[in-house]
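J.: Pasting a structure here, questions to come.
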C-alpha cells in the first residue's frame with residue numbers, strides 16, 4: 001500500500017539517517033561553495049568593500065528555508081551555475097533515489113543557466129578549473145565540450161600559475177596514467193571479448209616481463225657493461241654464420257652471453273695484466289672492482305629482489321582474489337552499478353558493454369555450477385574415471401622421463417664420438433639440438449593427450465578442469481627439468497678443451513629456450529590458425545578453437561624456469577626471455593583475436609592470477625634457487641676459464657675477498673666478522689625463516705577472525721531484515737484495520 005511505501009521511504013536505511021531535505025540542503029551548500037571557489041577571484045585581489053561576509057548562508061541551520069521545494073529550487077539554481085562536468089559529478093554523488101535524480105535532471109534541462117563570460121587568455125599555465133572534468137585516477141573520462149583553455153585571473157602574474165590551475169593540470173595528468181600503462185587498451189579488449197579467464201594469461205605474461213627487467217638491469221650495470229669496458233684477452237672470435245641463433249655456440253661462445261668470457265681479475269687494476277706485479281710502477285686504483293665478487297653478488301642480489309617481488313605479488317594477489325567477504329553480491333553489483341557513465345566514445349562504450357556481458361555470463365555460470373548435485377553412484381563412477389585417468393597421466397610422465405634419460409645418454413656418447421673423430425664444426429654444433437628438439441616436442445604433444453583425458457573425465461567445472469591440466473603439465477615439465485639439472489651438475493656435457501662446462505650448460509639452456517619458442521609458434525600456427533581453417537572451410541562449422549589457458553601458462557612458467565636456471569651460466573639470458581615474451585604477446589593476441597572464440601563455458605577467473613604466481617614461486621623459482629645454491633656452495637668451477645677459476649667452490653670467492661681486505665687494512669676486521677656470522681652461520685637463516693612463518697601464521701589467524709566476525713555481522717543483518725519484514729506486516733495490518 002501507499003502507506004507502507006511511505007514508511008519504507010522514511011526508514012533510516014533509505015535516507016542514510018537524514019531526510020531528503022537535509023540531503024538537498026547539504027549538496028546545495030557544497031555546490032555553492034564549489035561555484036564560489038571556481039568563479040570568484042582570490043580575496044587578496046579584491047578591495048575590502050568587495051569582500052563577502054564571513055557569515056555564509058547555510059540552509060541546514062536556517063529555519064526559514066525549511067521547506068523541501070525551496071531547497072530544491074535553490075539547489076537547481078546553484079547547479080545551473082556550474083560547468084557541465086561539475087554538474088554531472090554533483091548529481092552522481094547525491095544520495096537520492098533515481099526518481100529524485102531524474103526529476104532534478106529534467107528541471108535542469110528545462111531551464112537555462114546565465115551566460116558565462118569568457119575572459120581573454122593571458123598565461124599558458126593558466127588552466128581553468130571550470131573547464132577540467134575532475135576524475136578519479138584510474139578511471140576513463142570523456143573530454144568536456146569546453147576543453148582546456150587558458151584563463152585570466154585578476155592581478156595574477158603571467159608567469160606564475162594559480163594553485164587551482166596547477167591542481168587541475170595534476171588531475172588531468174593523473175587521469176592519463178592508466179592509458180600510459182603497457183598494453184592498456186589491448187588488455188581491456190581481451191578482457192571484454194574473452195573474459196577474465198583468457199585475460200589472466202596475458203596479465204601473467206606482463207608480470208613475467210616485469211620480473212625479468214630487474215635482474216637484467218642489475219647484471220647489465222654491474223657485470224656485463226663493466227666487462228665490456230675491460231674486455232679480457234680471449235681467443236679470436238669465430239665468424240658469424242647464422243646457425244648461432246639456434247645453437248647458441250660458434251660466434252656466441254666467446255662473448256658476453258656466457259660465463260666463460262668473464263675474467264677473474266680486478267678490472268680497473270692497471271697491473272692486473274702484468275706478469276710481475278711487484279715491478280708495476282702504477283699505483284693501485286682507489287676503488288678496485290673485483291669481477292668474481294661482482295658476478296656472484298649480482299646474481300645473488302637479483303635473485304633476492306626477484307624473491308621479494310614474487311612474495312609481494314603473491315600476497316597482493318591473495319588479498320585481491322581471496323577476500324575476507326564472499327562474492328554473493330557481485331551479480332547485483334554488476335547489474336545495477338557496473339556501467340561507467342563517463343564513457344562516451346563509441347569504441348569504449350562497445351568495449352565496456354562486452355566486458356559487462358562477459359562478467360555476467362561468468363557469474364551466472366558460477367552460480368549454476370554450485371547448484372548442481374550428483375547422486376552417490378554418479379560420484380563413485382566419476383571417482384573411478386578420475387583415478388584411471390590419473391594413472392594413465394602418471395604413466396605417460398614416467399615414460400617421457402625414461403625416454404629423455406635414454407636419449408640424453410645416447411646423444412652424450414654420439415657427441416663424444418664425433419669429437420674423437422674430428423667431425424665438422426657445424427655438425428658438432430647441430431647435434432646438441434636433438435635433445436632440446438625432442439623435449440620441446442614432448443612438451444607440445446603431451447598437453448593434447450591430457451586434453452583427451454579431460455574429455456573422458458567430463459569435468460563439469462571449467463576451473464577444476466584447468467587445475468587438473470595445470471597439475472599434469474607441470475608435473476611433466478618439472479620432472480624432465482629435474483632430470484636435466486642432475487645431468488648438468490654431473491658434468492654430463494660434452495665441451496671442447498678451451499670451453500668451460502658452465503658455458504656448455506648455458507648453451508644447453510639457450511637451446512631449450514629457442515626450441516620452446518619455436519614449438520610455441522608452431523603450436524599457435526597449427527593448433528589455432530590451421531584448425532580454424534579446417535573447421536570453417538572443410539567441416540563447414542561456425543566454430544573456432546578455444547584458447548588453451550593451461551598449456552599456454554605452463555609454457556610461460558617453463559620458459560621462465562629456464563631463464564632462472566641459466567642466469568649464473570648466461571647473464572644475458574633474461575634479455576632473451578624478455579624478447580621472447582614481447583613477441584609472444586603480440587603473436588598470441590593476434591591469433592586470439594583472429595582464430596579463437598570465447599570459452600564455451602564462461603567462468604570467473606578470480607583466483608587464476610594467484611594460482612599462476614604461486615606456481616611460479618614454489619615449483620619454478622624455488623627449484624631454480626635450490627639448483628643455483630647447490631652450484632655455488634658445492635660444485636667445483638672450471639679451472640681454465642670463467643671468473644671463479646682456481647677456486648674450490650664459487651662461494652669461496654667471497655671468503656677470499658674478505659681475507660684479502662682484512663690483510664690489506666686491519667681496521668675493517670668487522671667485515672670478516674659479519675661475513676662469518678651472517679653468511680656462513682645458518683642460525684640467521686633459521687631465525688629469518690621462523691619469523692616469516694610466525695608472521696604468516698598470525699596473518700592467517702587474523703583473516704580467520706575477520707571472517708568469523710563478518711559471518712556474525714551477516715547473520716545480524718539477516719535478523720534485522722526479518723525484523724523489518726515483521727514490522728512492515730504489522731503496520732500494514734494496522735492500516736487495514738483503520739481503513740475498515
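Quick reminder: no glycine exception, Cβ is built from N, Cα and C everywhere.
Any TrEMBL annotation is an automated prediction that lacks curation.
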J.: Pick from 509-535, 644-670: which stretch is listed in TrEMBL under transmembrane segment?
T.: 509-535
J.: Name the residue range among 433-454, 719-740 that TrEMBL annotates as transmembrane segment.
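T.: That would be 433-454, per the transmembrane segment entry in TrEMBL.
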J.: Counting Cβ pairs under 8 Å that sit 6 or more residues apart, are there three or more between the transmembrane segment (607-628) and the transmembrane segment (683-700)?
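T.: No; fewer than 3 Cβ pairs under 8 Å.
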J.: List the helix, strand and coil residue totals of the domain 'TMC' (500-606) as derived from DSSP.
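T.: Result for the domain 'TMC' (500-606), in helix, strand, coil order: 78 helix, 2 strand, 27 coil.
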J.: Using Cβ distances below 8 Å and needing 3 or more such pairs, separated by at least 6 in sequence, tell me whether the transmembrane segment (380-404) contacts the transmembrane segment (466-489).
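T.: Counting Cβ pairs under 8 Å (6 or more apart in sequence), the transmembrane segment (380-404) reaches the transmembrane segment (466-489), since there are 3 or more.
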J.: Quick one: average pLDDT across the domain 'TMC' (500-606), no decimals.
T.: 90
